[in-house]
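Visitor: Take this structure, written in structure tokens, and hold onto it; I'll ask about it next.
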Amino acid sequence: MSKFVFVTGGVVSSVGKGITVASLGNILKSRGLSVSVQKLDPYLNVDPGTMSPYQHGEVFVTQDGAETDLDLGSYERFIDIELTADSTVTSGQVYSEVINKERRGDYLGGTIQVVPHVTQEIKARIQRLADRSKADVVIVEVGGTVGDIEGQPFLEAIRQMRNDMGRDNVIYIHVTLLPYIQSTQELKTKPTQHSVNELRRIGIQPDIIVCRADYPISEGIRDKLSLFCDVERKAVIFMPTVSTIYEVPLKLESEGVGDLLVSRLHLNASPSDLSIWRGLVEKIKEPTPAVRIALVGKYVELKDAYYSVRESLCHAAIHNGRDIQIDWVYAEDIEKNGPEEYLKHVQGIIIPGGFGIRGIEGMITAVKYARENGIPYLGLCLGMQVMVIEFARHVLQSDKAHSTEFEPDSPYPVIDLLPEQRGVDSKGGTMRLGNYPCVIQPGTMAGQAYGNKLINERHRHRFEFNNDYRDTLSKAGMVFSGLSPDGKLVEICEVSGHPFMVGSQFHPEFLSRPNRPHPLFREFINAAKKVIRDGEQPSLPLSP
């Protein structure tokens, strides 16, 4: 039977629950335990697939095609596992299912209430993940902050889980912020005390409190929180701000979190072995020259919109013995001012995914700059599509080339709607989503990067390369180096004779790991580090 770790957050949002949960999974896995993770999101959207990147940040896609919170990407990267749709639960999903059951008559005419019907549905989804994953430990993060109205049913559900599963099988961890008052130069514990009191009113007594702070925490604060929050002194965990998020598992382990979890849950675990992870962190902290990459995007004001891309660049830089400097370039600025001002100093250009026509011409201009100046280029999803459009416009001199996403009546639609998408009006969960196989052509940049003939990558798109133009572009120097097994869909294209110019219709950033960078990102940074523009770049911190 699985054991359960429930993680809540207090005082403020964005306190670091997601990284804490990912780090707990890392620690438990280092002790030979199998781990699965789940995120409970209280918002009423069914999933974040139709949410604005400015509202939600990145949409992370699982292997089976679920559109999820970016925290699931952190879980996968830290624990090195692949999650499924069972790992994401939203209020929208829960309430939709409860209402559907009521309409079918499943409740036999009963009055439908938050307790017990909504809470039972939440608990059923938690238990479903445990049953299907058969993990030794299931870690469940409750999104939002204690006190949020929409989070109340989820907190009530996890409160009930301890009675349902037994006290030795459930543990509660509360992640909270200790704010620093500059005028008095002290950390304050009162917000944490109030947050814990709110949890206790609901019926949840935290077993462990993880205290986030930007300044050193004294032992006196540990004593105070232990007294007022009724938590053992050794279970008050200090988590200071660190230079790289990948150091968090080491900090938590040094605070004794792993031993606490094993003891409280009576786990049959091996001794902790974080030696490989420790070596990774040491490598990250080594001062090395930086490689400077321009990320040209639509949503660069909110960097979390490209969270997995950013982390994948960091992973590739680690592997190549470099730090990373990312220039966040707004595509519309290139449209207004031209590319030179933004791209003249960079050693590589990457264009990630996105939707809509805004900024497209700026992206096409950036691709042209990379192609003509021999600057390594990596295009992801939309980034591949604008690469094809640019090639058709400026190499084939077909200035009307476009995507039907942006110009439905284009006379030269090199990018077109997938056949199965025609007639689909609903936006939510209807794209080509999740893992699909791809056959790599030997003797290509992609072939050199992967070293395998058959790969599986994650997708999230409606539009695809138009095969009517495959022969024409191929004769002009575009190489179609990755195809679907039936040869009908172009998955990877590249420009022959260029140091590195590769576009993928899929999202390779979802499969990169800190100790195993994705092959396309690895080779992109390898090519970029060889480019010298205005001398070597200064060493910069790895985590942006």
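We count from 1, first residue shown onward.
Cβ atoms are placed via backbone N, Cα and C, with glycine included.
Bear in mind that the values here come from a model prediction, so they are computed numbers and not experimental data.
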Visitor: Per Swiss-Prot, which of Ser13, Ser14, Ser23, Ser30 sits in the CTP site along with Asp148, Ile149, Glu150, Lys188, Thr189, Lys190, Pro191, Thr192, Gln193, Lys224?
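Guide: Candidate listed by Swiss-Prot for the same site: Ser13.
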Visitor: According to Swiss-Prot, Ser14, Val15, Gly16, Lys17, Gly18, Ile19 bind ATP; which one of Asp71, Asp80, Asp86 is listed for that same site?
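Guide: As annotated by Swiss-Prot, Ser14, Val15, Gly16, Lys17, Gly18, Ile19 share the ATP site with Asp71, chosen from Asp71, Asp80, Asp86.
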Visitor: Identify all same-chain residues not among Ser14, Val15, Gly16, Lys17, Gly18, Ile19, Asp71 whose C-beta atom falls within 8 angstroms of the centroid of the ATP site's C-beta atoms; report them in sequence order.
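Guide: Going along the sequence, the neighbours come out as Gly9, Thr20, Val21, Val175.
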Visitor: Give the residue from the binding-site residues Ser13, Ser14, Thr189, Thr192, Gln385 that has the most other Cβ atoms within 10 Å of its Cβ, counting over every protein chain displayed.
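Guide: When each Cβ's neighbours within 10 Å are tallied, Gln385 leads.
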Visitor: Between Thr192 (UTP binding site) and Gly383 (L-glutamine binding site), what is the CA-CA distance rounded to a whole number of Å?
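Guide: Here the two Cα atoms lie 44 Å apart.
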Visitor: Quick check on the binding-site residues: of Gly16, Gly18, whose CB has the lowest count of neighbouring CB atoms inside 10 Å?
Guide: Gly16
Visitor: Which of Gly354, Gly383 (the binding-site residues) has the most other Cβ atoms within 10 Å?
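Guide: The most densely surrounded of these binding-site residues is Gly383.
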